[in-house]
Amino acid sequence: MESMLLRLFFPPPLLIKAMSVVCVVSLGKVGLSEFRGKHLQYSKFLNIDEKKSNKKQIRVSSRTGMLIAYTPSFLTGAVSFGLFPNEDLRFLFVKSTLTFHFFKRIHEVLFIHRYSGGMDVESLTPITLVFVIYAQHLAQGLPEPAVDLKYPGIVLFLIGIIGNFYHHRLLSKLRSNNDKEYKVPKGGLFDLVICPHYLFEILGILGISLTAQTLYAFSFFIGSTLYLMGRSYATRRWYLSKFKDFPRDVKALIPFVF
């Protein structure tokens, strides 16, 4: 098992091993909570658990909340170009894909998405990928993995980010600026799954992890997949409860499967 990992990943130091476990467990726990009906309080799930708690929640607008969530990772990626200016091509790819990924997210928050509600501050977890950058820095000078996956990773990242943006555009066209009602999305892969934007998000993160080929980047991919599986399952369940004509053959995340 260890020899197989060394063929695919740079050998991780103890700190990166520990943080990789923390990453998978923490994101997996949030995903499991989504399966069980305990949701992060934003978007359509903002008031789902409101009757179950008498605790007064502090809220911000969804746009503000998402900017707080995405900006740290964009800044981390941008600053990394100055902190590590003379690293190898793989590191350049990792910095570039991460920075562009979160630049796109901020652009969508400001100009694409149409928000209808708020976000509980308790659900606000800034997404920071400092350890992806740091793990890549620690890998400098180490022997390259026997199987080089950085170019397939770049291709997969591009597929993921283009597909994610396309389906975000479809979602944004469902409502006008003053329309706050949810509708069943159509077009693209929405006829097969209710969360194709999550599916392409996963593909993009997988692309970054293959480009990096560090244990932490791969653990972030696994953790993100577990969370988005839980969130997509909850999203499909929500649509089934709100729309009587919602087609039951439309899956949550993976066409015909899940």
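Even glycines carry a Cβ here, placed using N, Cα and C.
TrEMBL: automatically predicted annotations, no manual curation.
These numbers come from a predicted model, not from an experiment.
What TrEMBL annotates here:
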| type | residues | note |
| --- | --- | --- |
| DOMAIN | 151-258 | domain '3-oxo-5-alpha-steroid 4-dehydrogenase C-terminal' |
| TRANSMEM | 14-32 | transmembrane segment |
| TRANSMEM | 65-84 | transmembrane segment |
| TRANSMEM | 149-167 | transmembrane segment |
| TRANSMEM | 188-209 | transmembrane segment |
| TRANSMEM | 215-234 | transmembrane segment |
(request) Quick one: find which recorded stretch in 14-32, 65-84, 149-167, 188-209 has the most Cβ pairs under 8 Å with the transmembrane segment (215-234). (result) 14-32
(message) Do any residues, 6 or more residues outside the transmembrane segment (149-167), come within under 8 Å Cβ-to-Cβ of it, and if so which ones?
(response) 8, 89-90, 93, 97, 100-101, 104, 108, 188-190, 196-197, 199-213
(request) By DSSP assignment, list the helix, strand and coil residue numbers for the domain '3-oxo-5-alpha-steroid 4-dehydrogenase C-terminal' (151-258), in that order. (result) 71 helix, 2 strand, 35 coil
